[in-house]
Amino acid sequence: TPLSKLLELGCVDRKTCTDPIPSCGKTCGKPLPCSSHDFIHTCENLCHEGECGPCTRTSNISCRCGFRTKEVPCVLIQNEGDFTFICDKRCNKKRQCGRHKCSEICCVDKEHKCSLICGHKLNCGLHRCDQPCHRGNCQNCWQTSFDELTCYCGESVIFPPVPCGTRPPECKKPCTRQHECDHPVFHSCHNEEKCPPCTYLTQKWCMGKHEVR
C-alpha cells in the first residue's frame, strides 16, 4: 500500500527516513520458506516489519527416491534441502556388472556402477583382476617379465619382454633330468616336474620263475 494512501487514512507523516514505516493493517501474504512448487504457504500475520514468523501448518515431503512421503511441521522446513528425507528402502536393482545388487538405502543412482573389485583370476593363472567388477571376460594380465624364459635344459629360449603366464618353450632335445633307472631316455625335454614312465623293454622272470619274458 503506498504511504500516501496511509496518510489519507490518518497515519502520522514520517519526518525522517529513520522513522518507522506504518502498517497498513492487511494480511502480510509473503511466501514462507516452507513453500515449494507444489504448494505455497504465506504469512498470515498482519503487515509487519522484519522477517515473517514461523508457519503453523504442516507439509507433505517425499523421500529422496520418491518411494515414501511423510507429513512434517512447516517450522522444521527452512530451506530447499529440508523438503526431502532418506527412507529405509534398499535398492534391489542389479549393478552394471550383473553380479551384485545395489543395496543402497533410498537410492537415486541411475547408472548403478559396481564399486567392488572383480578379483577373478587372469589368463596367466597367477594374478587376479584388480578392475572394478564388470561384465564379460577380464583383460589379459598386463604384467611382463624382462628375464629370459628357457626350457628345463636351457636349449630353447624366449627372449624378453615375456608376457605373464607364458609357458616355457618346447624343446626337442632329450630329457636331461635324473631318472630312477639307467635305461636310455626316449622322451624329450619337458616342463612337467615328473617324467613320463620309462618305455625301455627289459627281461623279467615270471612269478614262478619258469620262463623269462
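Glycine is no exception: its Cβ is also placed from the backbone N, Cα and C atoms.
In TrEMBL, annotation is done automatically, which means it is predicted and not curated.
What TrEMBL annotates here:
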| type | residues | note |
| --- | --- | --- |
| DOMAIN | 28-57 | domain 'NF-X1-type' |
| DOMAIN | 97-116 | domain 'NF-X1-type' |
| DOMAIN | 124-143 | domain 'NF-X1-type' |
| DOMAIN | 181-200 | domain 'NF-X1-type' |
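When Cβ-Cβ distances below 8 Å are used as the criterion, the domain 'NF-X1-type' (28-57) is approached by residues 1, 20-21, 74-75, 77-80, 83 of the same chain, each at least six residues removed from its ends. Here the domain 'NF-X1-type' (124-143) is broken down by DSSP into helix, strand and coil counts: 0 helix, 2 strand, 18 coil.
For the domain 'NF-X1-type' (97-116), the list of distant contacts is 63-65, 67, 86-91, 132-135: same-chain residues at least six beyond its ends, Cβ to Cβ under 8 Å. Summarised by DSSP class, the composition of the domain 'NF-X1-type' (28-57) is 0 helix, 3 strand, 27 coil. According to DSSP, the secondary structure content of the domain 'NF-X1-type' (97-116) in residues is 0 helix, 2 strand, 18 coil. Note on the domain 'NF-X1-type' (181-200): DSSP counts are 0 helix, 1 strand, 19 coil.
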